[in-house]
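Below: the structure, in structure tokens.
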Amino acid sequence: MKLTDSVLRSFRVAKVFRENSDKINCFDFSPNGETVISSSDDDSIVLYDCQEGKPKRTLYSKKYGVDLIRYTHAANTVVYSSNKIDDTIRYLSLHDNKYIRYFPGHSKRVVALSMSPVDDTFISGSLDKTIRLWDLRSPNCQGLMHLQGKPVCSFDPEGLIFAAGVNSEMVKLYDLRSFDKGPFATFKMQYDRTCEWTGLKFSNDGKLILISTNGSFIRLIDAFKGVVMHTFGGYANSKAVTLEASFTPDSQFIMIGSEDGKIHVWNGESGIKVAVLDGKHTGPITCLQFNPKFMTFASACSNMVCKQ
């Protein structure tokens, strides 16, 4: 089935999960789309079965907290950042709930974490104004970039380059094999002092970059030329909440939640808003992602909601 404007308008809430007592700060679908894992400010990690539509397991990270959870390529393993005690990144086996490795280095909160789509490399960005490059097999940082401000960062879909959004005004593209030579491209955006950049994602076809903010707009830019193609707005975010924006897997549509529990969807090519869906949320929709393989998507406040 192909995603079209009318198909997107037809999405309805299929399931609401109330497993958490505090905000869900992040979730990630497994590459095969069969499970989704969430991290929450209540220090819990919840694993959901997407096919059966129910929570499978709950683990806790009471001591360090848990944020920015990401599946790795190995079955049943995740990396996540800490939001208590220190700023170490942790590599956890879900199978036996044991840490495989720690990645110390950042001196302030980690605000971006991106796993390579092709291997065991991952990158992290922190309020200490650095981006670090890691390999899951080693606790030692494999590369370090000092920047002028807070970074957001992400790998491209082929795992060959990564993009860093710096100081909420420029996007820098780095070649993974020669990142120490500096960026091979830098795109300067118009600075908007009313908000900060909170996330950066590539579309699956690698042609677009989506920049999310804690304001009431998101930007779609051409990944090759750095030109702003569209600025999407008209959704509620008066309290400067970090709202996750996402592409659909076919790279055609862009979605974001809002503080009033609605989900806004735009056509990436035309820039036209094609749908506003009722997410049935009690609070701001801080997380939103489309399933990579199945015709469902999930959104979260303190509740996880699955739509199809």
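Cβ atoms here come from the backbone N, Cα and C positions, even for glycine.
Here TrEMBL flags 17-58, 103-138, 235-276 as repeat 'WD'.
For the repeat 'WD' (17-58), the list of distant contacts is 65-71, 73, 78, 80, 83-84, 92, 94, 283, 286-287, 289, 291-294, 296, 298, 300-306: same-chain residues at least six beyond its ends, Cβ to Cβ under 8 Å. Long-range neighbours of the repeat 'WD' (103-138) within the same chain, counting only residues 6 or more positions beyond its ends whose Cβ lies under 8 Å from a Cβ of the stretch, are 67-68, 70-74, 79-83, 86-91, 144-155, 157-159, 162, 164, 176, 179, 198-200.
Secondary structure of the repeat 'WD' (235-276) per DSSP, as helix, strand and coil residue counts: 0 helix, 18 strand, 24 coil.
DSSP places the residues of the repeat 'WD' (103-138) in helix, strand and coil in these numbers: 0 helix, 20 strand, 16 coil. Counting residues of the repeat 'WD' (17-58) by DSSP class, helix then strand then coil, yields 0 helix, 24 strand, 18 coil. In this model, the repeat 'WD' (235-276) carries an average pLDDT of 93.
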